[in-house]
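The domain 'Kinesin motor' annotation in TrEMBL covers 8-330. Annotation comment: TrEMBL describes 94, 95, 96, 97, 98, 99, 100, 101 as ATP binding site. The coiled coil annotation in TrEMBL covers 339-409.
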Ligand SMILES: Nc1ncnc2c1ncn2[C@@H]1O[C@H](COP(=O)(O)OP(=O)(O)OP(=O)(O)O)[C@@H](O)[C@H]1O
């Protein structure tokens, strides 16, 4: 086998003859050699079938074989490798009295003899032989050539591996010298008498011959190289059973050390035989540490396993054969060890350098391929990045052109300008109130559920009249709240309604909330919200008049008025229409504040939106600025009117006792799927099969079923049942694309819950360093006068709770917390700058005074910016919101808003997709 190739340990098994003691006991031989490599079990034992009958090794030697043959066929090749600069080791392994020492003495002598023969035959080379010998006795290393020496230490050498410190190394003068030293070793070795062996070796003996050789003709010129290797002759102590050796005292102690180190050797061999990168416990014994390089390392190795064929040693023999089986699978990695002179080393290195250079030049060489691959990968990466850049630029161009388009449309006198002007007029009429939150401050952002968009920005998303609120009637007024599948037509408002509305307007601010979504989703997405924004026509066709408590226009008008009357602080939503002129006309006719609910669409837009977002222009009341404003709840009659189902039934459901509905809850689930709409009202008294069936069709609302079940139970028990749970799950159902409108008719207690939730959210904003502008808008927009607000608050509260828990659990990197604080500071800086621009001197002074800031202090603006939204009490919050709304009115669209919203709604951009940069 060529050097450097994977080799395996050469394993042979030698059977010794049955000795006199065994023969006396009549212990016959269980084993015989079936061939040069096969050993067979011939014994007759009951459990025979449990063990293999034949064993194959590199060589097997029957009792008749002499040691010469064993050496020739089982060790010579390995031993002689040392002359070629290859480390080698020859082991004898087996139970006590099996013939290890007998074999190793012979093998060593034959090896030495052959080595000297070789030296004699190669006069052209100069050989230097060094001899050392040690034994490991009771886990102590002893120098056999220096008996006086104390226990030797083992050192780890980075180049040589484990070395035995201060081990005597004799340079041999001739063969006779070697034989003398061998005799010394034999004399020094620990031997003891056991029941099995009168001269039992009680230690592991390692005889080491190191050979250096150089070609004589190059010696002394500085350009010679030397081969250097060593050969180990290892005579291991024999594994033994105390019962068999009848060991006691010293012998017992020796035996336990022997067995322990042999056990480690067995583990090492077993582990090596498995291959792979598992841990090899070399360091568990001195024997394996010293022999580490000979076991699976830079060495050729031969192991001669010796066996007694006697039946009484069957178990030990089997163990020996198992060890041999493992050993034959151990691969070694023998190398020629060359010691070079400096000159040779330089030459060698130069040659190596030239070779490597050639490899680099030649295409197809291993290293070139590696470089090529790396280059190819880089090229691909560059290509990908270029494509991404191109995409992004295209998207930017598209958005820009859409913006231009929309601006053109807008400048043609569309309704938005007019609406804005009208609204400005209205808002100017109320000096004491926060001013309109400007369109400019609201730029596209998809950070949060709601992206804020200014009117011009609608155009930037490719919105023209046909894009906006496609599929909705232009004059559909949507009474606010997800719950109500009812809507009003602006045209149908009576003059008095408009008048009332105008009065309300004076208490309101315009904010709009616009979301971006692909146009392909527009109609579908919008339709998902149809149950509460659908047209009259649709409503009439699906909900015949007889199913309504008030099914006529007149009734609706009444309702409209009623709503205006009763929901003083309600947010009004108007769908934007595809026909701008109509809208304008409507606006003119109504002279009402155009509160546009616009779903903005752009297929090309890279600005995504959450499905839970709604795009709306909203007028928000300033009721939050005034605690005294208490929302009026719909009367039971109004609730009744909204439910698109049999009024009698609902009436029964809601008012079983003719009026008391305070603790009832009814769920109206309009499931629009495949053109089918089914309505179900659930309450404690109407849990009938019809309703159950309808609800069964809504697989995504398990809570409804639970409530039904609870209702039924309650009915059976005759108890009143109250459902006060939130409806976030239903909101979720809507979000995931199920067309469900949930109408909740619940206890008028919910405004109280709203206040509580609002307070919690304010605390959470504070804890989570949420954007000030976000807080402001949220605070102003969601005032709790409808169920939809409750859902938004629920979502907001849950999200913030999650963020807070993530912060406190350390789930989020400190960088996220830090960056949110940093962003908050930037936001305050922005407000600080805005103060000078947006507030008149007198106005500023009033505000400073109001906020307890010395009007003459140098840092008054800074102080003010640092105080906004720092407390969680309602008065402070209200003041902060009012001030921020005023300051952000005319902010440049884009950067500021991105920063502001970037910190609020995403914990961490990790894992964000390609559009993540857009999702702040
Ligand atoms: N192949 C053989 N032919 C003849 N006699 C042998 C052979 N092998 C061993 N013997 C004899 O068996 C006895 C025990 O042998 P040896 O001491 O070599 O065993 P061991 O394995 O070294 O035992 P221990 O582990 O106890 O040192 C010796 O008297 C030896 O001469």
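Cβ from N, Cα, C; glycine included.
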Binding-site residues whose CB lies under 6 angstroms from ligand 1, from 95, 97, 100: 97, 100
Site with most surrounding Cβ atoms, counting all protein chains shown within 10 Å, from the binding-site residues 95, 96, 97, 101: 97
Neighbour tally for residue 98 (ATP binding site), based on other Cβ positions within 10 Å of its Cβ: 28
Cβ-based isolation winner (fewest other Cβ atoms within 10 Å) among the binding-site residues 94, 99: 99
Where residue 101 (ATP binding site) sits in the secondary structure, as DSSP reduces it to three classes: helix
PLDDT averaged over every residue in the coiled coil (339-409): 80
List of residues, in chain order, with Cβ under 8 A from that of residue 100 (ATP binding site) and at least 6 apart: 92, 93, 94, 201, 235, 236, 238, 306
